[in-house]
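Below: one structure, written as structure tokens.
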Amino acid sequence: MNYLYISYEFNFALETILGEVRIRSVWILIGLGLTWFTCYWFSEELIFLLALPFLTLPFDSYFVCTQLTEAFSTFVATSSIACSYFVFPLISYQIWCFLIPSCYGEQRTKYNRFFYLSGSCFFLFLFLTFSWVVPNVWHFLYFVGATSTNSLMIKLQPKIYDYIMLTVRILFISSVCSQVPVIVICLLELRGLSLETFTNNRRFLMVFSLFTAALFTPPDIWCQIVACFLISLIIELAIFVALIVQVREEGWTSGMRESGSIEKKNKSSPPPRTWQSNYQ
């Protein structure tokens, strides 16, 4: 009888999880399809938004197409990339809805903090990159190609597809860099790695920065050097912030232990929660 009860509970939990996965997958697919068609419908406006840093240069600036299918490929690529950025919050929310019901109250608070931190870093880095980094990069590249004499005339007329891909790569590098401090803080908070492990193994972090820069950046040595430097700098800043947070938490924990609040809290710990989702 006990075996039948355990088998029934297992089948019920498995059916519940599979049903929840099906619901979340349907929502993601619907959002993905609607977002892609919407981005393709407004693909010209999206391309203009990405091309705005180049179009604001002081001289006559315009793009060229050298192939018959280049314009269509640019529209499709821009729509797909913009769709991936716009649908990312929906995918994150559906994953959050799937995982959060099985957590305790303290775990929910902790995971919500990581979720908000990840989203804030993502949009902050994206905004700073598009509003400050990309215009300065194109301003530098434009005036590097300018000539100071009349004996040699060089006029920059970039291909629209190459320009969009390079701009998207810069934005993607910033998106990857934005999640580095979140990952470091998450590992330290969940005790997956200690702060001493990070500080004593900085050479491995440098290898990680080189590997990430080589994997996610275009095959250009200067782009990889800049990406490696940015990732290393962000990791060091995250370790510094985590060190400050750890010192504050140790002081708070010692104060709570002296007052006896931690022992009282451990005695009144809540019972385990069952997996049940009411999020839609």
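Just so it is clear, glycine is given a Cβ too, placed from its N, Cα and C backbone atoms.
Look at Swiss-Prot and you will find 46-66 (among others) tagged as transmembrane segment, backed by sequence analysis.
Look at Swiss-Prot and you will find 81-101 (among others) tagged as transmembrane segment.
What Swiss-Prot lists as transmembrane segment is 114-134 (among others). Within its own chain, the transmembrane segment (114-134) has Cβ neighbours under 8 Å at 53, 85, 88-89, 92, 96, 167, 170-171, 174-175, 177-179, 181-182, 185-186, 189, counting only residues six or more beyond its boundaries.
Look at Swiss-Prot and you will find 137-157 (among others) tagged as transmembrane segment.
When Cβ-Cβ distances below 8 Å are used as the criterion, the transmembrane segment (170-190) is approached by residues 110, 114, 117-118, 121-122, 124-126, 128-130, 133-134, 137, 198, 212, 216-217, 223, 227, 230-231, 234-235, 237-239, 241-242, 245-246 of the same chain, each at least six residues removed from its ends. As annotated by Swiss-Prot, transmembrane segment applies to 170-190 (among others), with the evidence given as sequence analysis.
Annotation comment: Swiss-Prot describes 225-245 (among others) as transmembrane segment.
Feature annotation from Swiss-Prot assigns region 'Disordered' to 258-280.
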Worksheet entry | Non-local residues, at least 6 beyond the ends, that sit with Cβ under 8 Å of the transmembrane segment (46-66) | 39, 74-75, 78-79, 82, 130, 134-135, 138-139, 142, 156-161, 163-164, 167-168
